């Protein structure tokens, strides 16, 4: 689903009062996000139902902390096949708003993924550099299959050649926060996704 511009200005009744003046506009409402997650869950379930029945193993969803935690939780509930969770924490060197693609593992997986059907679940793919590194790293561990699902994708900023099987929304190259996405550990608690006023991070 393609989003061309911010969908609405902030209104007084929204949770923007948590951060007065910081949110420039709403890009995706909570209702839009949940509706799209339901569609993604159905699509993923259709793709993995037969695999799950054949292998007798649950779909393993791997998420990089912390941004995609809300998304992976809601997505798992929307997928009509059994799922399991694994988490990694990585540090990507670069500025506060962009990645260099140079990655250091802070927390690795707690289990072997050899022979498993793995779905990487991302919050947003912007440069694609960190995702490219993660895909190579996990592929080297010999999973049975490896696919990627992201809630948000910024096509104009993708420099790495990474195939993404499931995309929630294609969005502009705005700096966005909310629904798990942060700036300086703030704004994750918003139920919607909004664009951050540039004065906050400039």
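The backbone N, Cα and C atoms fix where each Cβ goes, and this holds for glycine too.
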Annotated companion of 66, 67 at the diphosphate site, Swiss-Prot, chosen from 188, 199:
188
Using only C-alpha positions, which one of 66, 67, 154 is spatially nearest residue 122 (Mg(2+) binding site)? These are the binding-site residues in the record.
67
Name, in the order they occur in the sequence, the residues of the same chain whose CB lies under 8 A from the CB of residue 182 (GMP binding site) and which sit 6 or more residues away.
66, 67, 188
How many Å lie between the Cα of residue 175 (GMP binding site) and the Cα of residue 126 (active site, proton acceptor)?
10
In whole Å, how far does the CA atom of residue 123 (Mg(2+) binding site) lie from that of residue 154 (GMP binding site)?
11
Distance in Å spanning the most remote Cα pair of 66, 67, 188, given for diphosphate:
9
Other than 66, 67, 188, which residues of the same chain sit close to diphosphate? List them in sequence order, counting a residue when its Cβ is within 8 Å of the Cβ centroid of the site.
65, 68, 69, 70, 123, 180, 181, 182
